[in-house]
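Okay, structure first, notes after.
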Amino acid sequence: MALELFNTLSGKIETFQPLEDNEVRMYACGPTVYDYGHIGNFRTFIVVDTLRRFLKQSGYKLKHVMNVTDVDDKIIRNAARDGKTVQEYTAKYRKAFLEDCEALNIEHPELLVNATDHIDEMARFIKRMEDLDVAYKTEDGSYYFRIAKFPEYGKLSKKDFAGMNDGARVDVDEYEKDNARDFALWKAPKPGEAKWDTVIGSGRPGWHIECSIMSMKYLGESFDIHLGGEDLVFPHHENEIAQSESVTHKKFANFWVHSRFLLVEGQKMSKSLGNFFTVRDLILMGHKPSSIRFLLMSVPYRKQLNFTFDGLKQAAISVDRLRNFKRRIQTEPFAEGTNDKIGLMANETITKIKAALDNDLNTAEALAPIFDLVRDVNAAADAGEVKRGDVASLLEALQKFDEIFAVLNDDDSGKVKFAVDWANQEGKADKISAETAEMAKAAGLSDEKVEALVAEHSAARKAKDFKRSDAIRAELMESGIILENTKDGVRWKRK
């Protein structure tokens, strides 16, 4: 089965076929680094990561570009408020974005590019637009796009803009469909604002031109997939299409993939409601990065996700169940031999996961077969039906699953330490929960090191050196490692 994706441009599910045989070129709108990213932002970034991982697993060579918007209205306003240059202000939040991605196991794109490194290209492209009469200069030195010159304007957002506000202008970056006007490509400088000197004069780019230029520079005038959150369909992505296609006369992106918003406890996320959470907020509250990632992946990207704290607890239980299963099949002394039934179950699991992801990245559907496998193999192991020769096929099924979901081989303790260090540096030590502090203590305590300590604990008990075995158990407990005695020996798990 081939990958099928819902294409916002056509309004239907289509079979994905790259423009070039085995290479996928895709562009994702990245962060606007004016503040710490919230969990709604990271739902979108995890959707991008899921598609990226699945394309690679499916054998495609990938060229994935993500931008960093490091100049826009909000950034300029906030930098001025804090008495900093744009560069000084955004450096902090760009670093924070990368730290949050690392915590959530979001892979880096092949290229992560800053808007401010491409301002000359933006200015030259605007000059081309002016020469083609699809852009015009105003008295103050700003440039605007003539939406009346692009008859297909509205084809992405499915709204007919014909004759609407003809010739009127809007100079803010974000606005509603009913306020559609000629939009700003280049903004003349205001006193005290950041500005750049270019072939079209002094000023700064509008938000929409940034992504057109960076995507076409690295991926070409036509590329395979453009991704973002549903809030970007209009005006941002609509304007990207208009700018790009009015000059190149080529289809800008073949597929447009948009993820839905999320709710928090059934309500729209809002600082005024007290339900606005960043990734590091959740980590400091004691929630594992793997649980956050799992919950954000548990609902298909085109469905609204209701992010709840009960859901986070259930996600933690689910991840622990998977990790405990993996640990069991790696460490349990199964009898020699092979049970063909177990190998068949493992192979069927791999097939079902792929089929679910081919079905418009249906992550919820992909989770079901892995938990069916865990249930059935645990029951078989309890009955003595799993053999040593079955372990490789079971581990392969887990590996294929985790190439996409990325929650099994994660050291949550190591992922948590950055948030604790950040809280201490920012004077927010009071926000560090006891659970988070405990996890941070285990930073660097790898599975291999835990295994070595567990083996030493078992050897000490066998030698009746109970003082040493108790000391090891206490050391592990302090680092969030729980030991369990079973008929097959000692097992361990992280809290």
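Note that Cβ sites are derived from N, Cα and C of the backbone, with glycine treated the same way.
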Which range of 31-41, 130-140, 185-195 is motif ''HIGH' region', per Swiss-Prot: 31-41
Annotated motif ''KMSKS' region' segment (source Swiss-Prot; candidates 178-182, 203-207, 268-272, 338-342): 268-272
Binding-site residues compared (C29, C211) - the one with the fewest other Cβ atoms within 10 Å: C29
Protein Cβ atoms within 10 Å of E240 (Zn(2+) binding site), excluding its own: 28
Between K271 (ATP binding site) and C29 (Zn(2+) binding site), the C-alpha gap once rounded to whole angstrom: 24
Summary of DSSP states over the motif ''HIGH' region' (31-41), given as helix, strand and coil counts: 3 helix, 2 strand, 6 coil
Position of peak Cβ density within 10 Å, selected from the binding-site residues H236, K271: H236
Output field, Zn(2+) shell: CB within 8 Å of site CB centroid, site C29, C211, H236, E240 dropped: N67, W207, H208, E210, S212, S215, H226, G228, L232, H237, N239
Three-state secondary structure, E240 (Zn(2+) binding site) (per DSSP): helix
